[in-house]
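Colleague: Submitted below is the structure of interest, expressed as structure tokens.
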Amino acid sequence: MMSNDRKVTEIENSPVTEVRPEEHAWYPDDSALAAPPAATPAAISDQLPSDRYLNRELSWLDFNARVLALAADKSMPLLERAKFLAIFASNLDEFYMVRVAGLKRRDEMGLSVRSADGLTPREQLGRIGEQTQQLASRHARVFLDSVLPALGEEGIYIVTWADLDQAERDRLSTYFNEQVFPVLTPLAVDPAHPFPFVSGLSLNLAVTVRQPEDGTQHFARVKVPDNVDRFVELAAREASEEAAGTEGRTALRFLPMEELIAAFLPVLFPGMEIVEHHAFRITRNADFEVEEDRDEDLLQALERELARRRFGSPVRLEIADDMTESMLELLLRELDVHPGDVIEVPGLLDLSSLWQIYAVDRPTLKDRTFVPATHPAFAERETPKSIFATLREGDVLVHHPYDSFSTSVQRFIEQAAADPNVLAIKQTLYRTSGDSPIVRALIDAAEAGKQVVALVEIKARFDEQANIAWARALEQAGVHVAYGLVGLKTHCKTALVVRREGPTIRRYCHVGTGNYNSKTARLYEDVGLLTAAPDIGADLTDLFNSLTGYSRKLSYRNLLVAPHGIRAGIIDRVEREVAAHRAEGAHNGKGRIRLKMNALVDEQVIDALYRASRAGVRIEVVVRGICALRPGAQGISENIIVRSILGRFLEHSRILHFRAIDEFWIGSADMMHRNLDRRVEVMAQVKNPRLTAQLDELFESALDPCTRCWELGPDGQWTASPQEGHSVRDHQESLMERHRSP
């Protein structure tokens, strides 16, 4: 067990040498000539306090804590709780691979640029380490003390080797020798065998063995294979009545793979004594950049960088909390890990593998099955009607997963591919599924002789390999594949279909908030606009020309496009909302801004919202993840509330509403630097009153005082809402009931 003393990090011991300018204030003595008084501020309302931002990294950890709260919620179906434990773990892995890795790189390079809330990279790393250790311990305790016993009560057991009887051990001996032993490679460490490379996110056993002859001890590492199931399913047993109720259900029993390997270490090290063994796991830096302006072939350059990703420097070491001091010291030394990057975990490491447990066939322990409904505009009729005919009658707003993706957006692309009157299809692809029907439709369209353009973002993090494969498949089919603009990720969700209709050419469009991915569309909440509006069609034509050619159009008719137009466009609308509010009078103004997004970090947008709040505009923010805005602070944000909704579906849509100026916008951009400065993003205005009424209903549901959520306080703390004793409604459940297929 690692002592608290050893956990004192360099972050705490090393003084921060950077001093802020205000700490060098010079005060003259009594005999010196005093400076003139400071200038009176021109506008007090424009002066914003320096502590107005919350730290974005700590806010992300708060988001993951909300995920963990769902896992701890005993009102949730049991296997859904296990699922949220897995999501928490995989979320934290990615946070360390990207965000923590970036902070460590800046710290190691001596780049002491402070965050918006005034912290250096080293100070942030210190706070992240402390908060992560607390969260990791809580995560483990929710599993060990709550979810694991509850699984046992339902006849689902995760057992240890000590729990098995001799017959089970004999069967597992055969399984080990036939299925596991051949793929294991025990690696010794001695003068002839250097310390082995440990790949990122792999689960390993650190083993100490002793030679019986002279008592010499040696270290060895055994990697738990990642191409076999983490949990070995044992032969079924009849569950006890207590565990399985009166149904006589057989018990499901699983043994962690590391337990099986540990039991057979003598087979791996014959003739040696096993002194100790402990599980550990390393996380490596996966935050890399491709020098696009230097490399002629972006695809090849990206493939080279992907090959290097597995060799990134360590950013976190997770260890079982029973690991000895000597074993840990060896790992720290050989892996070049700082003590401050060690996370002690009670029980099992890497609970992301609980997805395997979630997959068991126990529907009563999961959310009730939900089948998305076909949007009424696209419902089957006695006389078949194409999507194009429907869109000629009017725009359609789809809300996934409540409205089926496959019978709306996917069908839109599939009909375009099969329609002989369609001349061209242009589409952006950021993340798509492994067997994507969208991509297959584009391939079919190209093979049918249509002009097909696909903007494939091969730099979509952790989906690079899949997107490279799709890009090559599309090119082989004759699709014109482009990778967007140098230095920018193409993150917008847009599709354009050009169709000949008699003597005219008509353009049909889709602008959405979510990816063209039929699998995640069943799990992610998103909205999309399907339209034949000429102005949006002309805008998307200009946008695709700028992405595939040398056009550098910066202004559009009905779109806001990053990196040049979204931040300025939003701030302009906030200011217009303030002006409209003031024009109505201090007590009669109807200024109200409602925002729904994944993250709110951009300081310029936040400051614009603060100024609007000071002017009396009511502001309501629904944010899934990071929020750097501090709501409810006296003198700056009394008129701002921030709430977060998490649940069965991942809230992914980005929607903006400015009531006084009567504008609704949807699109792909969150309010983050990367979205507004380093990505091609699109926001589209929704003008049809029938569709804006749908968006208004969505906001009203999310902001209902009885809606189950968390609310952010001025101190940066999130609080569950509503309080006990009040009626509670579930935002997503209410939408499912409204859209549920008959």
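Cβ coordinates are placed from backbone N, Cα and C, and glycine is handled just like the others.
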Colleague: Determine which of Arg122, Arg552, Arg624, Arg679 appears in Swiss-Prot for the same ATP site as Asn91, Tyr524, His652.
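Modeller: As annotated by Swiss-Prot, Asn91, Tyr524, His652 share the ATP site with Arg624, chosen from Arg122, Arg552, Arg624, Arg679.
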Colleague: In terms of Cβ proximity under 8 Å, which residues at least six beyond the ends of the compositional bias 'Basic and acidic residues' (726-742) contact it?
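Modeller: Residues 370-374, 399, 402-403, 525, 645, 647-649, 698, 701-702, 704, 706-709.
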Colleague: Sort out the sequence-distant neighbours of Asn91 (ATP binding site) for me: same chain, 6+ apart, CB within less than 8 Å of its CB, listed by position.
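Modeller: Set apart from Asn91 (ATP binding site) by at least 6 residues yet with Cβ under 8 Å, we have Asn64, Val67.
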Colleague: Once the DSSP letters are reduced so that anything not helix or strand counts as coil, what is Arg431 (Mg(2+) binding site)?
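Modeller: Note: Arg431 (Mg(2+) binding site) is coil by DSSP, not helix or strand.
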Colleague: In whole Å, could you give the widest CA to CA gap in the ATP site formed by Asn91, Tyr524, Arg624, His652?
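Modeller: Max Cα-Cα spread across the ATP binders: 16 Å.
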Colleague: Hey, how far is His652 (ATP binding site) from His491 (active site, phosphohistidine intermediate), Cα to Cα, in Å?
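Modeller: That comes out at 14 Å between the alpha carbons.
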Colleague: With the cut-off set at 10 Å between Cβ atoms, which of these recorded positions ends up with the most neighbours? Options: Arg461, His491, Arg624, His652.
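Modeller: Result for the most crowded candidate: His491.
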